[in-house]
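Colleague: So that we are looking at the same thing, I have put the structure below in structure tokens.
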Amino acid sequence: MKVAIVFLSLLVLAFASESIEENREEFPVEESARCADINGACKSDCDCCGDSVTCDCYWSDSCKCRESNFKIGMAIRKKFC
């Protein structure tokens, strides 16, 4: 019985690590060239890379990509870009 539990645990661990590896988000070269990193120049939220990064024009004349305080709302908004 203990052997079966250990075997099933290893099996679940193997599948979990494989699914995590498949879900890693890597930007293709073309997509990373189209979007700006943190502190990069932007005109709208869609210009910034990542689901939780927003275009911030509040503090200065030049807009820059910044980490958003509302990560869930920003992730939903980025789906429509």
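Backbone N, Cα and C atoms are what each Cβ position is placed from, and that goes for glycine too.
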Colleague: Mind checking which of CYS55, CYS63 has the disulfide with CYS57 in Swiss-Prot?
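Modeller: Within the candidate set CYS55, CYS63, Swiss-Prot assigns the bond with CYS57 to CYS63.
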Colleague: Tell me, from CYS46, CYS65, which cysteine Swiss-Prot puts in a disulphide with CYS48.
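Modeller: So the cysteine paired with CYS48 in Swiss-Prot is CYS65.
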Colleague: According to DSSP, does CYS35 (disulfide bond) fall in a helix, a strand, or coil?
Modeller: coil
Colleague: Does DSSP put CYS81 (disulfide bond) in a helix, in a strand, or in coil?
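Modeller: SS state of CYS81 (disulfide bond) = coil.
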Colleague: According to DSSP, collapsed to three classes, what secondary structure does CYS63 (disulfide bond) have?
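Modeller: For CYS63 (disulfide bond) - judged by DSSP and reduced to three states - the answer is coil.
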Colleague: Using a 10 Å cut-off between Cα atoms, which of these disulfide-bonded residues sit near CYS57 (disulfide bond): CYS35, CYS42, CYS46?
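Modeller: Among CYS35, CYS42, CYS46, the ones whose Cα sits within 10 Å of that of CYS57 (disulfide bond) are CYS42.
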Colleague: Please give me the disulfide-bonded residues out of CYS63, CYS65, CYS81 that lie within 10 Å of CYS49 (disulfide bond), comparing Cα atoms only.
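Modeller: Cα filter at 10 Å returns CYS65.
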